[in-house]
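Below you'll find the structure, written out as structure tokens, and then a few comments.
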């Protein structure tokens, strides 16, 4: 089958992103042979490819020979000249950009913005200002940048001229003006501007909350939120999403309840935030109540809300509910399919994920890079090495998708888990990106699983160089030494960690019972039902012992007696949560818990025994994926 314009455009985009000029030229030759060179979309992509690869002369040749051009073509050509300012500090290229801009038969907001930013980069502030005033409708984004530039340069009159022309002003624009006056010693004027900001923008509080939340200053966002004289749905939404983004899902759900008590009606964005919060803390019942809100509000046909519902149900452990939502959706996009494939992946159902991908292809939906992250993850957690290698190869050869860091990390994990350690190490060393800690950690975890001390030491060195404050590297190396009988080396690693004041993340486990989420830590003594929990753990220990369970004390602190090691194991956070769930739910009721760290080997073994001796299905979502325990077996087949 001969390639057509629909094939050439994504291939050219890939060449542009990789700065692969020679490959791009070969594609250009194929385009000429195919007769597609007159197509405006192919021509625009060629101009873009040559520009981004640094060959502006070739870009100009293609541009000048095009029989027809649209506004995108002109914008790409302008951007090619402007980018030379960044790439080679060629401010003279702005003259070429101006000539193209002046010839344009039609301009859009992108055309103006690119030119203005080009002049700003060259320090041509007056030219930027002239263009800004020629715009029929001032753009708040580029206007804010100009205000910031003039204010920082002390040109407050020019900053004020731009500021006055803007039809709307966000918190960034106001802040630039205020700081500009402060810098020039005009404190009184800065205060006046601040008061104007409060009077003119009722939404400025929301903008400030959003700004603080996006910068990670959730406490500052909360202070602004608490001082607002009135809060609309946007105020609540920004706070809910802010807490979700920084791993505070439970606080996000508390905010949603406060929002309802305040009489503020949620919108679709609220529900998206709530569904994400439920997914992050495995609050299935809360998620089902949010689903009821979706149905009552009439948003169940909204594809974005549907996608979030699938993601929420999958991450809360109910693939059955996720599939129900998926099957009822009137329309599906690639995100919908990714959510379902990813859901199967985190539950260890690799073959089902692959079947879902085949169905996706049959329905004509084009996969994206996230699809392959989900597929490779599914193969990794299910030991499907050959399938994973095939998908990895087809990304570039069939779908023209360039492998990103996430794909390489998945491949390292896939190969490493399956015992192909040297191939996994070669994958890390050969990736075109600087290896990040996630890739090295995946390889270090594989070294621990397969007991390769020599490679583990080599990999751990890379981990600790990249993130010396990350305790996980120390813990994995220590566990590797322990698993291979090198207790002295293990204790030495622990001693180094403590000397360097690197703190471990404490293990936490969450369980939802009667619409309330309970949190446990190792050796927890603060829960009001702790006496009953300890009694239940003692009962379970007896039943498990009779069934053949032997505690694995290899990974417990070495400077304590064996009896104390067993006691410490019995009080791991997930065991406390399971015991709490058993005494607070009806016999036969499935339990679902979430843990922030990877489940330890003894807890994995003991949970299998508990599921058998009490006749309960127990679902555990750890830092990696789900484990479904039933009748003494785990869905991961001890491959995790």
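Along the chain as shown, residues are numbered 1 onward.
Glycine is no exception: its Cβ is also placed from the backbone N, Cα and C atoms.
Over in TrEMBL, the protein carries these features:
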type   : residues : note
REPEAT : 39-73    : repeat 'PPR'
REPEAT : 108-142  : repeat 'PPR'
REPEAT : 170-200  : repeat 'PPR'
REPEAT : 232-266  : repeat 'PPR'
REPEAT : 302-332  : repeat 'PPR'
REPEAT : 333-367  : repeat 'PPR'
DOMAIN : 548-640  : domain 'DYW'
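Residues 268, 271-272, 275-276, 278-280, 282-284, 287-288, 290-291, 294, 339-340, 342-344, 346-347, 349, 363, 365, 592, 619, 621, 626 of the same chain, all 6+ positions outside the repeat 'PPR' (302-332), place their C-beta atoms under 8 angstroms from a C-beta of that stretch.
A mean pLDDT of 90 is what the model gives for the repeat 'PPR' (39-73). Per DSSP, the secondary structure of the repeat 'PPR' (170-200) breaks down as 27 helix, 0 strand, 4 coil. Here the repeat 'PPR' (302-332) has, by DSSP, the following mix of helix, strand and coil residues: 23 helix, 0 strand, 8 coil.
Per-class residue totals from DSSP over the repeat 'PPR' (39-73), listed helix then strand then coil: 26 helix, 0 strand, 9 coil.
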